[in-house]
Amino acid sequence: MTDQSVIEPSGSKPSKRFSRGNIILYGTLIVVSMYYLLPLYVMIVTSLKGMPEIRLGNVFAPPIEITFEPWVRAWAEACTGINCDGLSRGFWNSVNILIPSVVLSIAIASVNGYALAHWKFKGSETFFTILIIGAFIPYQTMLYPIVILLREIGLMGDLAGLVLVHTVFGMPILTLLFRNYFTSIPEELFKAARVDGAGFWGIYFRIMLPMALPIFVVAIILQVTGIWNDFLFGVIYTKPETYPMTVQLNNIVNSVQGVKEYNVNMAATLLTGLVPLIIYFISGKLFVRGIAAGAVKG
Amino acid sequence: MTTTSQDDARAARRPIRLFRNPMAKIASIPMILTALVVFVGGTAWTVVYSFTDSRLLPRLNFVGLDQYERLWSTRRWLISIENLAIYGICSLILTLLIGFTLAAMLDRKIRGEAVFRSIFLYPFALSFVVTGLAWQWILNPDFGLQEVVRRMGWEGFTFDPLNNPDIVMFGLLIAGLWQGTGLIMCIMLAGLRGIDEDIWKAAKVDGIGTVKTYVRIIIPMMRPVFITALVLIASGIIKLYDLVVAQTNGGPGIASEVPAKYVINYMFRAQNLGQGFAASTMMLVSVIIILVPWAYLEFGGKKRD
Amino acid sequence: MSSVSIRNLDLSFGAVDVLKNLNLEIAEGEFLVLLGSSGCGKSTLLNCIAGLIDVSGGQIHISGRNVTWEEPSDRGIGMVFQSYALYPQMTVEGNLSFGLKNQRMPKDQIAQRVARAAEILQIEPLLKRKPGALSGGQRQRVAIGRALVREADVFLFDEPLSNLDAKLRTDLRVELKALHKQLKNTMIYVTHDQVEAMTLADRIAIMRDGKIQQLDTPSVIYGKPRNKYVADFIGSPSMNFFEGDLSAEAGSCVFEGPDFTLPLTSYEFETPQIGRRKAWLGLRPEHIVTGEAAAAADLSADTIVDIVEPMGSDTLVWVNFGGKPIRVRTDGQSDLEPGDTLRIGLQSARASIFDHQSEDRL
């Protein structure tokens, strides 16, 4: 026994790299990866081809002659109805919607989460429960009452109205995210700050906020992708001039007028997907954390 | 001594509860308003107005269950429900199956796990509109998959789901799975990682094979993860809207209509608010039917422990 | 005048009563330890004194002022927590001055106080560091410093040494005692560690189920526990108990155990009239004498050694007596082995007798 353990390393033998099981495993993973990569690949190659080349046929073939014209046209010239100023308008609309929505929704939700974690009051848990249940209610049941509310305060069709809608519908998941994070901060720290004479806002800004930076990054990732990708609220609560990028994209691609320019369409689609894709590839693991937290948003 | 204690008593009278820590309450006003006005108020408003004959504008002229009777005798609604059922059942089963299988494969201590995970998950970063448009192009009968296969020699090859009413929902399903399975894989992977390494060692010592260990030991242990995944998939299915609008716009004809689209069409296009309200109330009811048993399992069960 | 006075304090969460009609007077400069097992309400009481938990009824006075509904920072207290609770993003200096800045104290005065606290606690070299770069002992020093700079009348300690390893705990315990001697503040100290309680306290309050079981000096609590719970809780290894009957015969009282009778000739009864009744006899392992001293005791008996646990400084011997194994503490050089015969002696003077039903001391 002892002799053997001297000769052979203890523990299980490292499995051979090319065992039959491993070949099947990696083979399957590679084939599946192709299914996931295919649409991205097709979008890219199509957007770099000219229309004659596309009419020749194979969506999967790489471009013979690379052209960036479809990208330029998608950005600056693509038509929705009579407007032919491209996706750039939708892009800037989306940016104008995105920034205040992200800031406002995170500001409110982080304060909510903080209050729920450390300043519980009678009924606070009830409101929180309603908020969480609200995340599961189909948006369709709340769409029209919100139209009325926005009309009452004069923000229907206005970007500010859409910002409010994003803040409201982002609130359940973000509040949950922040509440869970702030609950994980030791209560003694909060108590120490109270003994030191810090109040509600003092503790929030001086103690909690500096400790919560990672969760703010998660929340920003969650909100940027979520709000950028929104279609439903954009189509309902804005006017054509203020349509966000997703709505404008759909109108460009699915427009029934004129000849279909598939390369321009794919360039436009890629342009719209670019912002969340960039965030996805930069943020890496934090994105996974963000979507795992935001998954209930559905 | 007596006078000071009286002063003390006055100064230290129990404060009114509502005004204790007032800042916390003031700061919670947006949350309270959202919960009460939008979520409770808005939902109740829609349910109440679903019993009226509102058309262009909402009005409180109650007509009982008329809107619901009309709803359930409208072909478009019935098709929507049927479509959602087909899409829902397939999506539920396939997403769980693919998500778990991929997660299990990534959990086999493989090389390049991060690369594969990134590839499977990136579609989730994209919107349904982008997803729908990308797959609309790939499934284009004249230039897409069908044409490519035909040119490779299979002249008779036919796969044109977006123009075939019988299989259009499967065209949507391909795109939906592409977008959503990565998330479920991620959740499943987190669940698998949460399982104690010693379980695997014990199974190995007992001589239980890999597949059998998954089926008999690991999956039952991951019950809460599966339930979470189930709720996520289900609530996503009911909200299915953007994908359909982008990929098929309900076509061909009305072959790929879904309830969420029905609601929005009647509310904002056809100017028949009552129908929209009734349809959205039906959606709410279906969510309740799904969520109540889940909430019972999830929270009712915990109390018993 | 007492420094901290707690009058008829009640606290309940929903239907659960955590503290019940609790009264406690703490003298100025006193070191009071609240001792009890977890869930007895000792930390909750401390939090009530600090104003971190709203009470349901009763009053709390600190330095003659009713502070029942005042903010924690206005009560003239400093508090030290088990997890140190240092603000991680601030330097040590920032941690010490945070409370003073909130009071809008002039900068030079803050600097003066921080410097003085740092000097007392010998943490001057650490002032520019962040808590993450400190060891456990250093962190706890900073936490004490944070209470110190407030120059509060009353210091509250919530299990401050529990997170430290054994050696450091002993060192800091001694330092705390020295600090109290130097500062002469009132200190209220919560712990579940009886060694800390015995060594630090002027008086110990033993708590159970939200009530104070006994409030007295460490030596009285150890020597004359008020009831069986206190007797069992204090002392390690814990007291041996025997069930039996008390009977008074011709002026002298005896305890009739399962198979022995102990004459209580030198036991001081709290209550003069003791009739025949069921009772508990409690004997600490260190109060059972062995060898030659056993012969001079009120009762001596030969016992068989069951288990021997050498602990270095002394040896714990399990012997069979009164129908069950009991603990006897002997000296560290014992060469006893299981099966040996050991003569033990029971002395009534150091015994404790409790009523069988109420478990109160007789």
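Note: Cβ is positioned from N, Cα and C throughout, glycine not excepted.
Sequence annotations record features per position, and here TrEMBL assigns transmembrane segment to B:26-51 (among others).
Annotation source TrEMBL lists domain 'ABC transmembrane type-1' at B:81-296.
Residues or ranges marked as transmembrane segment by TrEMBL: B:84-107 (among others).
The transmembrane segment feature in TrEMBL is assigned to B:119-138 (among others).
Positions annotated as transmembrane segment by TrEMBL: B:167-192 (among others). Within the chain, the transmembrane segment (B:167-192) has long-range Cβ neighbours (under 8 A, six or more residues past its boundaries) at 83, 86-87, 90-91, 94-96, 98-100, 102-104, 106-107, 117, 120-124, 126, 128, 131-132, 134-135, 139, 161, 218, 222, 224-225, 228-229, 232-233, 236, 240, 243-244, 247-248, 251-252, 255-256.
Same-chain residues lying 6 or more positions outside the transmembrane segment (B:213-238) and placing a CB less than 8 Å from one of its CB atoms are 84, 87-88, 91-92, 95-96, 99-100, 104, 180, 183-184, 187-188, 190-192, 194-195, 199-200, 203, 259-260, 283, 286-287, 290-291, 294, 297-298. The annotation transmembrane segment is assigned in TrEMBL to B:213-238 (among others).
Residues annotated as transmembrane segment in TrEMBL: B:277-297 (among others). Listed as Cβ neighbours of the transmembrane segment (B:277-297) (distance under 8 Å, sequence separation of 6 or more from its ends, same chain) are residues 43, 46-47, 49-50, 52, 54, 67-68, 70-71, 77, 227, 230-231, 234-235, 238, 259-260, 262-263, 266-267.
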Which sequence-distant residues neighbour the transmembrane segment (B:119-138)? Criterion: at least 6 residues beyond either end, Cβ under 8 Å. 102, 144-145, 162, 171, 174-176, 178-183, 185-186, 241-248
Sequence-distant residues near the transmembrane segment (B:84-107) by C-beta distance (under 8 Å, 6 or more away from its ends) are 113, 116-117, 120, 169-170, 172-173, 176-177, 180-181, 183-189, 191-193, 214, 219, 226, 229-230, 233-234, 237-238, 240, 258-259
